[in-house]
DNA sequence: AAGTTATGCAACCGCTCGAGA
DNA sequence: GTCTCGAGCGGTTGCATAACT
């Protein structure tokens, strides 16, 4: 509470085209990262988070806009059965789609189709979502040999950004995880929509964690 | 045509995690 | 080992506008 610098006023609300242009130009010139300094250096009166979000969701190249295809929709439904509200992971399977877009699409289009279709998402409870963040999908794994959360694009970006730290490891593990997930998604184990499949983090997490462990041992420690 | 309600989406908020000092 | 800060994530809010009365 001590460091109370007179913060410059931060603009909020919808982004204007000229702000977009400034941000886009800035990021294309200087690259992503250091979002907190972007507003100062670019002259945008926006917070770092806001800049990051705007770039990630709208200005980044290869962003796909417009309605979801049937395949994308199907993928979202299946992935959601598997992962719950792990929007960034789900979005990672949909090239050009962002977590925010997937989340919105789920909440507005798909969620309401479900039998219990409420506006807000909560097939896994909010508390579960918070306490069981899937950072190895997330998780509280020890560093290394984990699958960083985020889209594959982000992963690639991260590997470079962090100095190739464990780029190879991450990518390999990621690939293994992807193929495993493909298997899991396409497997008859996963029933179709509306079946009585209740996603529960725990069993899948346990399975997943051991899979990741197995993979990291399996590659002989060089990954 | 005007007012009201519902819907969709963009953006913000609060939290967690990891890295570095 | 602890603290601080930046980044990222999911949940939620609020605005714009479409649909309805």
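Glycine is no exception: its Cβ is also placed from the backbone N, Cα and C atoms.
Summarising the annotation, TrEMBL assigns compositional bias 'Basic and acidic residues' to A:155-167. TrEMBL lists A:7-59, A:60-114 with the feature domain 'HTH myb-type'. The feature domain 'Myb-like' is assigned by TrEMBL to A:7-59, A:60-110. Annotation comment: TrEMBL describes A:110-171 as region 'Disordered'.
In terms of DSSP helix, strand and coil, the domain 'HTH myb-type' (A:60-114) has 35 helix, 0 strand, 20 coil. Taken through DSSP, the domain 'HTH myb-type' (A:7-59) splits into 34 helix, 0 strand, 19 coil.
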